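Pulled from Swiss-Prot:
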ACT_SITE  Lys5  active site, charge relay system
ACT_SITE  Thr65  active site, charge relay system
BINDING   Thr65, Asp66, Phe175, Arg192, Ile240, Gln241, Asn267  urate binding site
REGION    281-306  region 'Disordered'
Amino acid sequence: MNYGKEQVAVYRTYANPLEGVRTIPESSFDGRDNILFGLEVRVQFEGEEFLPSFSEADNTTVVATDSMKNFVLHQAGEYEGATAEGFLHFVGTEFLETYPHVEAVTMSATEYPFDERPVPGDDGFDPSDLVFRVSDDESAFGEIYLEREGDELRFEEQTSGVTEIELVKVKENSFTGYVQDEYTTLPEREDRALYISLDVFWTYSDPEDALGDEPQRYVPAEQVRDIAQVVFHEVNSNSIQDLIYQIGLRVLERYPQLESVNFEANNRTWIEVRDDLDGDAKVLREPPRPTGYQQFSMDRSDLEEQ
């Protein structure tokens with residue numbers, strides 16, 4: 001039994017910057033200014049006190065979802081951290097402290113991506129600190145679950161992620177050796193272009209690390225995105241399953257503070273129309289529906305087996 005508010009768009013200018021994150025070989029990302037910090041937030045309340053609103057049309061204990069929206073918007077001005085997960089934890093804690101009859105709250109959000117825009121400077125072009133482009137690129141994701149236990153609040157569940165990574169590798173991918181029977185019409189490919197859409201999610205051994213209070217232990221979505229594209233560049237994979245497994249191993253290797261990593265992938269590979277051109281040139285077209293997908297979960301035991 002739960003209810004809540006979703007698609008709460010909130011924007012904060014000049015939030016505190018994310019600084020001091022640990023750098024990795026696959027990424028140049030070392031922090032962000034957070035001059036423009038935007039989230040689409042979802043709030044979910046749980047509690048037995050809400051049962052009469054369902055069974056008896058008694059709204060005595062109901063916090064209107066419009067009030068939830070206003071609460072989130074107000075707290076965006078109070079939050080002093082630098083991460084989506086930290087904001088969600090902050091707001092969730094404030095909800096539980098404000099409404100003692102709420103037993104648990106799930107807070108989730110997708111971060112709106114904004115790109116810095118180059119403007120002329122003294123020595124060429126520099127990123128503007130005033131103008132940003134609203135981007136259609138991948139987005140960071142966060143979810144936290146807080147519950148009441150007596151007089152204490154427990155925080156033991158979280159998920160972080162980066163969604164809608166879209167990558168195309170023009171060659172050095174294959175797909176061979178799969179089941180061949182009377183239903184098979186797909187030809188094997190020793191070398192093909194590969195187009196994938198990828199969502200990556202991860203959990204920490206200690207959920208507190210997700211909040212960003214200790215930046216060295218925080219895993220930025222930008223770095224995980226960069227790991228995915230670097231591994232895609234390096235690996236000649238024989239399937240998307242093989243590719244996401246290699247990405248997962250690299251993520252777990254780079255971040256010993258993580259407990260697990262999960263994938264949802266979609267195959268959007270273009271179909272070859274002509275391969276009789278010079279060199280590696282090909283003509284391709286959009287694939288027809290339906291499309292293939294893959295889901296996979298890994299934890300530290302997978303890394304230890306390597």
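Including glycine, each Cβ sits where the backbone N, Cα and C put it.
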In sequence order, the binding-site residues (Asp66, Gln241, Asn267) whose C-alpha falls within 10 A of Lys5 (active site, charge relay system): Asp66
Neighbour-count leader, CB within 10 A, recorded positions: Lys5, Arg192: Arg192
Rounded Cα separation (Å) that holds between Asn267 (urate binding site) and Thr65 (active site, charge relay system): 38
Secondary structure at Arg192 (urate binding site), reduced by DSSP to three states: coil
Separation of alpha carbons, Gln241 (urate binding site) and Thr65 (active site, charge relay system) (Å): 41
Asn267 (urate binding site) - helix vs strand vs coil (DSSP): strand
Helix, strand and coil residues within the region 'Disordered' (281-306) as assigned by DSSP: 5 helix, 10 strand, 11 coil
Span of Thr65, Asp66, Phe175, Arg192, Ile240, Gln241, Asn267 around urate - largest C-alpha separation, Å: 51
